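**Student:** Here it is, the structure in full.
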Amino acid sequence: SLSAGLDLPGRFLFATLTLMTLIAILVFIEEAVYIYRKIPSSKRSIIIWINAAAPVISTTSCIGMWVPRSTMFTDFTAGIFFAIVIHKFLMMMIKECGGQKMLLRRFENGHFTISTGPCCCCCLCLPHVPITRQTLFWLKLGTFQFAVFRPVLIFLSIVLWTNGNYVLYNLSPKGPALWISCFIGALTLFALWAVGIMFRKVRILLKCKNIIPKFALYQFIVILNQLQTTIINILATQKVIPCAPPLSSTARGSYIAQQLLIMEMFLITVISRVVYRRKYHDLEPLECVAEEPEDKKQTP
């Protein structure tokens, strides 16, 4: 078994990472209780979902570290959860503006800047899109499609994997893994693009709501969970990460990615608790949005 093959430093590392995962879960549970008691019901579930991203990824990585054969399922579970969290983060920004009606009233004559990352950051010639109910619908659809189609593609991958047709690290054009990965990558870019467009518009308005550090934490989760893991897996596939018997290169790359994620998600869980609790403790009502139009009407 895996634990029997570990030396003393290896067992100490596994025990430390497992302890960090348990602490992250306890921190999240404590934060969820606080959110449930202090936050209005309209925003409660969304914020709990977003705060759960880091501990869930840490938990799936810990399970994959102890049970190597479950890596396929743990990675897919984290991927499905992450897809839902991206949509929840967009909805949180709309909720923090007072909801869709308040956002439309606040930016009645405003425009979305669609020349933003990760899709169109270099296309500065793109036109500005007016902020309407229809454009908000398209932005929400951009993240919602990811939350729907990624679980479907992951389910298809599992079905093909159980039949022996799907090999995770086989990126041959004849295999389904390459095409499914490319399709998921395209859906991911569109979802992140929708979130980036919305954040670029509301970041000044929601500065009083600590939206910038929240977006930074969200971006760290995206980069570490998606980009870092992909790079490590590619290096392992190309044998850049050497094998260490009894572990092959791909298995060792998977271990490295999981162990890094556990440490990184532990830090993000602790920082998220500070950021989200500080905001809702000091600025519970949304007066900075709700009263601003009234003040402007009374000034003349």
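Just so you know, glycine gets a Cβ as well, placed from its N, Cα and C.
Because TrEMBL annotations are produced automatically, they should be read as predictions rather than curated entries.
As listed in TrEMBL for this protein:
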TRANSMEM  12-34  transmembrane segment
TRANSMEM  46-67  transmembrane segment
TRANSMEM  73-94  transmembrane segment
TRANSMEM  143-164  transmembrane segment
TRANSMEM  176-195  transmembrane segment
**Student:** Under an 8 Å Cβ to Cβ limit, what residues of the same chain, 6 or more beyond the ends of the transmembrane segment (143-164), are close to it?
**Tutor:** 72-73, 76, 79-80, 83-84, 86-87, 89-90, 176-177, 180, 183-184, 187-188, 190-191, 194-195
**Student:** Within this structure, do the transmembrane segment (12-34) and the transmembrane segment (73-94) have 3 or more Cβ pairs under 8 angstroms, counting pairs 6 or more apart in sequence?
**Tutor:** no
**Student:** Which residues of the same chain, at least 6 past either end of the transmembrane segment (12-34), have a Cβ under 8 Å from a Cβ in it?
**Tutor:** 3, 6, 48, 51-52, 54-55, 58-59, 61-62, 65-66, 259, 262-263, 265-266, 269-270, 272-273, 276-277
